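Participant: So that we are looking at the same thing, I have put the structure below in structure tokens.
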Amino acid sequence: MTSIEPTHTGKKVIVGMSGGVDSSVSAYLLMQQGYQVEGLFMKNWEEDDNNEYCAAAEDLKDAQAVCDKLGIKLHTVNFAAEYWDNVFEYFLAEYKAGRTPNPDIMCNKEIKFKAFLEFADEILDADYIAMGHYVRRRDNSDGSTQMLRGVDGNKDQSYFLYTLSHEQVARSLFPVGELEKHQVREIAKEMGLITHDKKDSTGICFIGERKFTEFLGTYLPAQPGNIETPEGEVIGTHQGLMYHTLGQRKGLGIGGMKNSNDDPWYVVDKDLERNVLIVGQGGHHPRLMSNGMTVNQLHWVDRTGPVDGCHITVKTRYRQQDVPCTLTYTDEHTLRVVFDEPVAAVTPGQSVVFYDGEVCLGGGIIDQLIRG
């Protein structure tokens, strides 16, 4: 492995150690660059008594093993109260309102780059914090700092970090953002880190391995209703609108229908007033397509954002190909976005993130769809 010349001797970095391979290698790379590195493990959720979910204890054990191997200190902090107030209650409120939220984005905004940064600053006297996210930062000659997509396009996590401020990006380091995932695992294996072959965590932390419907049903009462076609024909029942999102194909419980073709059924709309789930056949059903959207709760990394009328690209969901679009400001808090070509399954309540090439500009929340 190529050795890295130490260049940052004395600067203190607190690395968010999750017990996974990305944060493990982040800590190692920063040590190689000459930083004074310490780890901080966050506990963000109080598990059930049987500790079946989230595996926080196992993650802490792995984080400690990595820190011991690297010879660095590991601190722990409990942000469960902050997580409940700022992330989980938002998650429930959005589902209750019939929207589909993204708690990972809110967690990054309120916990990993706010509560964590404040703790690292005030208690641990940090110069920087670091996370195992696949994004990059670029420091420009004019003193500004930009957030860029990660080198590994398949792992790029800029979509989840669009709410970061310019100041937060400037205080954060993202070592693995410069690497492909396979390189990260190779480094971890070469260094003998216990996490080198640990499976990536997926899903929402507080749900763990449980079925989503089972978990959500313990906090929000389900309201069963009808499943209808756009023409109003009742073809089934649902257990609750909150369990379904636009574009969903699996889990609808609709078999072969008389007089219908063989195309699969998709959720194309929700009628909240009537508690009806509307489905149509084919992934490009007209009710599933949007020509644009209005976006509110805007946040720009550089505070100013793109100019009115500009032509850039947008992601309306994670892992989606960028979509070319044109932006028009309705006011300083709201955008009208028109796509070059219609887009399927644009979902109110979800985040959209705007890009200028490799630069993540910021984003907002989908409010209403523009159709026809």
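The backbone N, Cα and C atoms fix where each Cβ goes, and this holds for glycine too.
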Participant: Figure out which of M42, M106, M147 sits with G16, M17, S18, G19, G20, V21, D22, S23, G132 in the ATP site per Swiss-Prot.
Facilitator: M42
Participant: I'd like to confirm something. Which of the recorded positions, C107, H133, C205, Q350, has a Cα closest to the Cα of D22 (ATP binding site)?
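Facilitator: Nearest listed residue in space: H133.
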Participant: Can you give the largest Cα to Cα distance in Å, as a whole number, for the residues G16, M17, S18, G19, G20, V21, D22, S23, M42, G132 that bind ATP in the record?
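Facilitator: Taking every pair among G16, M17, S18, G19, G20, V21, D22, S23, M42, G132, the longest Cα gap is 16 Å.
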Participant: Measuring Cα to Cα, tell me the gap between C205 (active site, cysteine persulfide intermediate) and C107 (active site, nucleophile) in whole angstrom.
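Facilitator: Approximately 10 Å lies between the Cα of C205 (active site, cysteine persulfide intermediate) and that of C107 (active site, nucleophile).
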Participant: How many Å lie between the Cα of S18 (ATP binding site) and the Cα of H133 (site 'Interaction with tRNA')?
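Facilitator: About 11 Å separates the two Cα atoms.
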Participant: Could you check which of the recorded positions (C107, H133, Q350) sits closest to G16 (ATP binding site), going Cα to Cα?
Facilitator: H133
